[in-house]
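Visitor: Quick paste of what TrEMBL says about this protein:
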- D226: active site, charge relay system (ACT_SITE)
- H283: active site, charge relay system (ACT_SITE)
- S484: active site, charge relay system (ACT_SITE)
- 219-499: domain 'Peptidase S8/S53' (DOMAIN)
Amino acid sequence: MDASGPTRPPNFPVFAVPATAVRRFGAVVLDPDRAALLEGEAPPHPTVYRADRLVLPGVPATRGDQQDGDTPIGSLEALGRELGFRVEVVNQSFGDLARELGYADRLSRSARQVVRIVPDRRRPGPPVDAWGVLQQARAAKSVEVHRWSLSHVLMGTGYGSGVGYGSGVGYGSGVGYGSGVGYGSGVGYGSGVGIPGSADSRTPVMFAGSPPRPAGTRSPVVAILDTGLGRHPWFPDGDPLVDRDPRVGGVPVGLRFDPDDDPELSGVTLDRLNGFLDPLAGHGTFITGVVRQHCADARIVVVPVMYGDGAADEGDLIDALQHLLLWHWRRLDGRDEGDPLDVVSLSLGYYHETPGAVDDEAGMFAAIRALQEWGVSVTAAAGNGATTMEFWPAALARSTPKGSVPLTSVGAWNPTERTVALFSNTGDWVSTYRCGVAVVSTMPTTFDGSLRGSVEVPAGAVPERGTPDPEDFTCGFGVWNGSSFSAPACAGHVAHLLSTGESTLDVGRRGDLVRDAVASALKEKP
C-alpha cells in the first residue's frame with residue numbers, strides 16, 4: 001500500500017453483444033485460447049468483431065481502379081489470391097465524395113477504408129475470418145499493416161431495462177466464449193447497477209422545470225454520435241439549434257433508419273411481436289437533453305450510428321466520423337454556411353484485443369485524432385465494466401498529439417459527486433467524472449412500450465388505480481444510469497464555456513480556445 005491506497009487488480013470486464021447485433025453484423029468473439037498467433041506472440045484479449053471486415057489505411061479508391069502491391073489494399077488483394085478470397089471496399093463512395101470535394105490529399109493520413117473479405121466458394125477450406133487474415137498480413141509484412149485493424153463491435157454505455165434478448169456473444173467474469181452468454185440490457189449488468197439499493201434504470205419521471213433557455217450568445221456546435229434524436233418539446237421541428245439531417249455534399253452524415261427501424265421513433269425495433277422497448281431506445285434523445293441542460297446555447301448535430309440494442313459497427317462509426325470531418329472542413333474553409341464543430345460526444349466503445357499495444361491511428365482512432373488536430377474537443381464515455389481495463393476510444397485520453405485538443409474520457413459519479421459509481425470504469429486513463437447515476441433527461445414522447453405496471457385496478461366508484469407504467473414515456477422525461485450520460489455532461493460543460501467566448505474560423509485560434517475550455521472544464525466543478 002502507498003499513500004494513494006492499496007493497489008487493486010483489475011476486474012475482467014463483462015462485455016455482452018446481443019443476438020440481434022450478432023445476426024446484423026455477423027459478429028464473433030476473438031477467443032484467446034483459439035486465436036491464431038505469430039511466433040512469440042502473447043494471446044490477445046477477447047474482443048467482438050465482424051468476421052468478414054477489415055479496416056485499412058487510405059482514401060477508398062474509385063471502383064474499378066487497379067491497386068498495386070505497394071498499397072495496403074493491393075497487398076490484401078495479393079494475399080486474397082493466395083488464400084482464396086477477394087476484397088470489396090465497403091465505403092468506396094466516401095472516397096469518391098472526398099475527391100469530388102477536393103479533400104482527398106488532406107485526408108491521406110487519416111482516411112480509412114472498410115473492406116469486406118469475400119471467400120472464393122470454389123476453393124475448399126475453412127471459413128475465411130478477419131483475424132486470421134490480419135495475422136497472415138502481419139506475417140507477410142503487408143504495406144502499413146500496423147495500421148490495419150479488425151472492425152470491432154461497440155456497445156453503448158447506458159444501462160437498459162426490461163426484457164433481455166436471449167443469448168448473444170460476449171465474455172467476462174469466467175463466462176465461456178461464443179453463443180450462450182446471457183445478455184442483460186446492453187452492457188451485461190441488467191437493470192441498474194447490479195446491486196441492492198441501486199436506482200432502477202430508464203424509468204419515466206415527471207419533470208416540472210422549465211426548458212433551458214438560450215442566452216443568445218455564441219452557439220457552440222456539438223455533434224452527438226448515437227441512436228439519433230426523437231420527438232420532444234425541447235427539440236421541436238425547425239429548431240435552429242438542432243440539425244437532425246446533417247449532410248456534406250448532399251450525402252447524409254451517419255446512418256438513416258426507416259421508420260420501423262428507428263430506435264428514437266417508436267423505440268420498438270427488435271421485438272415487434274411483443275412490443276417491448278429496445279434496451280437502448282431513447283439513448284440519443286436522453287444524451288441530447290443532458291447536453292442541452294448543460295449548455296442551452298449549444299447547436300446539436302444529430303449523427304445516428306447505434307441501433308436500439310446498443311450495438312454499433314466500427315465501420316459505420318468510421319464512415320460517420322470521416323463524413324463529419326469533411327462537414328467540419330467545409331465550414332472552416334467557408335464553403336458551407338454555418339459554424340464548424342466544437343465538440344463531439346461519444347457514449348459507446350469496446351475493449352481492444354491488444355490493450356497494451358494499440359496503434360492510435362488504426363481503425364476509427366485516425367478520424368478521431370484528425371478531429372482533435374483540427375480543433376475539436378472529443379468526449380468519450382469511460383464504460384460500465386467496473387474495471388480499470390482500457391475502454392476505447394475513451395482510452396485515447398492517455399496521450400494527446402502535439403498541437404491537438406485533448407480527448408476527454410469521462411467516468412460516472414454517484415449523485416453526491418463524492419464517489420465513483422460502482423459500475424463505472426476507472427483508471428489513470430480516465431480524465432474526469434460526471435454524474436452518471438439517477439440522471440434525469442429527455443425521452444421521446446412517442447414511446448409507449450407494451451410493458452405495463454404490475455397492478456392495474458379498473459375504474460369504478462373511484463378512479464382507475466395502478467403502479468407506474470415502466471415503458472410509457474409520454475411524460476417526456478426519464479431517469480437513467482451509465483457513463484453514457486457522464487460524457488455528454490462534460491461535453492455540455494465544455495460547450496457552455498465556449499459559448500461565452502469568441503467565434504473564429506482561424507484553426508490555430510480555435511484550437512487554443514477549445515483547449516482552454518477543456519482545461520477549465522476539468523478544473524471546475526460543473
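Placement of Cβ uses the backbone N, Cα and C atoms for every residue, glycine included.
Curation plays no part in TrEMBL annotations; they are all automatic predictions.
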Visitor: Within the chain of H283 (active site, charge relay system), which residues six or more apart in sequence place their C-beta under 8 angstroms from its C-beta?
Guide: G156, G158, D226, T227, P263, M306, G310, S347, S484
Visitor: Look at the active-site residues D226, S484 and tell me which residue has the greatest number of other C-beta atoms within 10 angstroms of its C-beta.
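Guide: When each Cβ's neighbours within 10 Å are tallied, S484 leads.
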Visitor: Indicate whether D226 (active site, charge relay system) is helix, strand or coil by DSSP.
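Guide: DSSP call for D226 (active site, charge relay system): strand.
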